[in-house]
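Colleague: After the structure tokens below, expect a handful of questions from me.
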Amino acid sequence: MMWAWLATQPRMLAMFTVVPLFGKQAIPMTMRMAISAAFGFVAMPVLLAGAADGSKAPPGLDGVAFLLSGAVGVSTGDVAGFVVWVFKEAFIGLVLGYAFSVPFWILEGVGFFIDNQRGAGLGATLDPLTGNDSSPLGQLFLQAFVVFFVIANGPQMMLTCIYDSFHLWPPASWYPSLRGDSVPAMLDMLSNLVRTAILLASPVMIVMFMTEVGIALISRFVPQLQVFFIAMPVKSAVAFFVLVLYIGTLMQQLEGVLTELGGLLRFLNAQW
């Protein structure tokens, strides 16, 4: 029983390490390990049911299959295969965690683009959720989306996804196996992240750009006016005014992104 529980940890720990909801600055590693350990007990019946059927274990994975069934430990000759198996499990967890992190990174990117356009990029500080430098609006949007993610049953969707992954890709197997076109599909997810962030930030950025053009025209015809000192306050006021009108639509778009994550396993299974 204990070996089956341990077999859930590489995948779960890798996923919880990536998702900003369990940020390394906000939640210590010890706490994340405790959360992963608690959720790992729920997946034990699936692993034990798969390990009971020895035919599901492919050649070369006997040590891991025995480990899952609790019959024996890993012998010296199985260490190399066991290390590869751990990396395989961690890879699955990282991919799942990356997919569920995309909405967080999109909204943080929206805030960063807006702050950069209004001239507040120099106010970057350390984000407690991601541990990376972020702009003030980027941090605000990220923390707001954490609340939205919890309200929209995002954690339940995330746990359902990782539990279903144990049934789709049992730990006592070498699956998934990447195809030749899997890498371009993964890279397309990264390009879609940047593209979506720019598209969602574009309404505010366009209005601020038009404001900047207006300020430039004013400085052209009224050179006595010190536009350098009024540009940032004016653009900030315009940005926040547009955000008040736009925030509802923005959250609806991100809710659509969360809904698409419901088909994540089908997409990955088609690629793998």
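From the backbone N, Cα and C atoms, a Cβ is placed for every residue, glycine too.
From TrEMBL, for reference:
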- 64-87: transmembrane segment (TRANSMEM)
- 94-114: transmembrane segment (TRANSMEM)
- 134-152: transmembrane segment (TRANSMEM)
- 196-219: transmembrane segment (TRANSMEM)
- 225-247: transmembrane segment (TRANSMEM)
Colleague: Out of 94-114, 134-152, 225-247, which stretch has the largest tally of CB pairs under 8 angstroms to the transmembrane segment (196-219)?
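Modeller: Looking at each of 94-114, 134-152, 225-247 in turn, the most contacts to the transmembrane segment (196-219) are made by 225-247.
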Colleague: Near the transmembrane segment (225-247), which residues from the same chain, at least 6 beyond its ends, have a CB less than 8 A from one of its CBs?
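Modeller: For the transmembrane segment (225-247), the list is 114, 117-120, 203-204, 207-208, 211-212, 215-216, 218-219.
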